[in-house]
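Participant: Here it is, the structure, as structure tokens.
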Protein chains: 2
Amino acid sequence: MIDHLPYGVFRTPGREPRCAARFGDHLIDLYAAESAGAVEAGGTLRARSLNDLMSAGPDVWSSVRRQLLNRPPLDHLVPLSEVELLLPFEVADYVDFYSSEHHAGNVGQIFRPGQPPLLPNWKQLPIGYHGRAGTVVVSGTPVVRPGGLLGAGVVGPSQRLDIEAEIGFVVGIDSTLGRPVPIEEFHRAVFGVVVVNDWSARDIQAFEYQPLGPFLGKSFATSVSAWVTPLEALASAWTPAPPQDPPVVPHLNDDPHHGLDLRLTVTWNGVEVSHPPFASMYWTPAQQLAHMTSNGATLRTGDLFASGTVSGPQRGEVGSFLELTWGGTEPVELGAESRTFLLDGDTVVISATAPGADGGTIRLGEVSGTVLPAVI
Amino acid sequence: MIDHLPYGVFRTPGREPRCAARFGDHLIDLYAAESAGAVEAGGTLRARSLNDLMSAGPDVWSSVRRQLLNRPPLDHLVPLSEVELLLPFEVADYVDFYSSEHHAGNVGQIFRPGQPPLLPNWKQLPIGYHGRAGTVVVSGTPVVRPGGLLGAGVVGPSQRLDIEAEIGFVVGIDSTLGRPVPIEEFHRAVFGVVVVNDWSARDIQAFEYQPLGPFLGKSFATSVSAWVTPLEALASAWTPAPPQDPPVVPHLNDDPHHGLDLRLTVTWNGVEVSHPPFASMYWTPAQQLAHMTSNGATLRTGDLFASGTVSGPQRGEVGSFLELTWGGTEPVELGAESRTFLLDGDTVVISATAPGADGGTIRLGEVSGTVLPAVI
């Protein structure tokens, strides 16, 4: 656990939010630790979110991490059972990619049967879109079933509420408008990693999305883990990404072409239903970052870009229930129940592990959510 | 001018940004005015952006406006020539709609000749998508021509750089996650109006946009006017919107079904090329707001939602050069030049007027931008 040291933000009754690092069943109160001189971070830990630390840049990130690893300030431990965990950073822009070939291929087969599963641009660039930053919520936040137009003149609660199991990357520092961020800058630009559930109302999405893409079908909630794993903690998790054919254009050429060997688990009402392998993603996070800024768009502290649904080649490796139930036509067994999409009261937990140092395993912060009935 | 009183944020050399109201060729330094007791706004005017005032809600907006109209604090005037105007508010989420029937129909004919110009969902709901909030810039900011993938394996500067003349609506106060904001709340939720140029690289957009919509083709820059016209200043500008057929679903039913009689002017290198009529928009701003939150998505202080390109039924009323030149096939004359899309060095200015009180006319803040050469 000590090699992991993910960051978060907590609150205890009657107090302002404080930055923390997780330490087993406890957290280290980093506000208290920096105030007491037990760690030096230029004051960035005495803030109500991780944004100050994130904007301080990679040298400070390394320095703080080294201090915490070398001299954990254990005088400032608080039991996790006594705190409320909050959204750990203020989200600037939220981008969602679509970078699993298996997921894109499955969705293509389900929605466009008989046609090529991938569109012609899919292997040329990482397809992505902007989501709603203001509805990114922390793990544990209830998710109200969205209502909306399910077809011409038909309004009602979504009948096809789904999950998307993803990994999200949190940007630390700003870049300059009009200047693309080269692919080599990935390790200096990205502060850390969260587990993401990009909740999706497939019926709302299907009716609205032509020609401008998903909007209300995804903007009601995107859940992220309460803990941000620093990119440095994943040093042992890099692994070759799948070969790319055709070759990518120069500004998307990453060398090494590496992804992260993260293994996700999707648990639905306590039943493990899928184990999506992040290492199978076609487009890597470095390629996504380079693509996103290739037009001169800026990065800002708190930008979140998510991988897109993580799906492996097997049915037990898919990151959405759309795929798991093949468009709702092949129910899955949850204990005594046979199920397709989410019902009110359902709880989904997505967790992830990664190779740690010396053959160990890191458990990333999980993301959970329970569905509440629609308001309309 | 005194009946308009738009708000902005300015800086003079060596000083922090301050809130202001425009007063002819001067501005009223609202930080100084509130500090001197000449206006009372609960301290919200002593901030570096309009967000504090915006988040204070409609009663404070009315109170401040009334004070400024009744007793303009003219001891605190600063000539506009001595200041730099800044982005007037911190943008939370940026949504762009597609609500002009003429624009959507023109685009449909240009991109899908021989097919129905509107897709089946277009008259059922206001089509929209999320844009990049972090690249919303203030009028006058240079726009670097974006580069990107223009086709399979083809990288280069955009050859089809375009504008979109729009009106943007700025949200004042937060709403509650999971609770749709009813259409009647429009006037309490929206603080004011800006003029918007949603710059668009049509070639990048055309290659990337299937199936998830526009991304890099629009995320490099969205320019807004430096002045935010308070919604209250537009009380005389409401006018019946075009009839809607088929009838809309109940949560999109606005009564009265009113839009704003804003008249836009697009000036390209000094030549007036178009006069888009905002009153022709099919979907009204109140309908857009209700749609955007109908799935329970929250509003936040600083959310910006833009109308989509404003185009009237005539060629001289379109809000994009894609339409003005019919996909680049029918050049327009700019003085001695014959032109289609934007060249480096081009300057576009979009302005707007509205009916004011007693038969007068309000001039909204204009939005201008000059194209710089691509970096790649």
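Yeah, the Cβs are placed from backbone N, Cα and C, and that goes for glycine too.
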Participant: Out of B:D75, B:D198, B:D203, which one does TrEMBL list together with B:D96, B:E164, B:E166 for Ca(2+)?
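Facilitator: Between B:D75, B:D198, B:D203, TrEMBL records just one in the Ca(2+) site with B:D96, B:E164, B:E166, namely B:D198.
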Participant: Among B:Y94, B:Y98, indicate the single residue that TrEMBL lists for the substrate site containing B:R112, B:Q205, B:Y209, B:T309.
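Facilitator: According to TrEMBL, the candidate sharing the substrate site with B:R112, B:Q205, B:Y209, B:T309 is B:Y98.
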Participant: For B:E164 (Ca(2+) binding site), identify the closest of the recorded positions B:H103, B:Y209, B:K218, B:T222, B:T309, judging by Cα separation.
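Facilitator: For B:E164 (Ca(2+) binding site), the spatially nearest of the recorded positions is B:T309.
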Participant: Could you tell me the mean pLDDT over the domain 'Fumarylacetoacetase-like C-terminal' (B:96-357), as a whole number?
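Facilitator: Taking every residue in the domain 'Fumarylacetoacetase-like C-terminal' (B:96-357) and averaging pLDDT yields 97.
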Participant: Determine, from DSSP, whether B:D198 (Ca(2+) binding site) sits in helix, strand or coil.
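Facilitator: Where B:D198 (Ca(2+) binding site) sits, the three-state DSSP reduction gives coil.
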Participant: Check each of B:Y98, B:R112, B:Y209, B:T222, B:T309 (the binding-site residues) against chain A and write down, in sequence order, those whose C-beta lies under 8 A from a C-beta there; write 'none' if there are none.
Facilitator: B:Y98, B:Y209
Participant: Tell me, in order along the sequence, which recorded positions from B:Y98, B:H103, B:Q205, B:Y209, B:T222 have their CA within 10 Å of B:D198 (Ca(2+) binding site).
Facilitator: B:T222
Participant: In the domain 'Fumarylacetoacetase N-terminal' (B:4-69), how many residues does DSSP call helix, how many strand, and how many coil?
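Facilitator: Its residues fall into 23 helix, 15 strand, 28 coil.
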Participant: Among the binding-site residues B:Q205, B:T222, B:T309, which residue has its Cβ surrounded by the fewest other Cβ atoms within 10 Å?
Facilitator: B:Q205
Participant: Among the recorded positions B:D96, B:H103, B:E166, B:K218, B:T222, report those whose Cα falls within 10 Å of that of B:T309 (substrate binding site); none is a fine answer.
Facilitator: B:D96, B:H103, B:E166
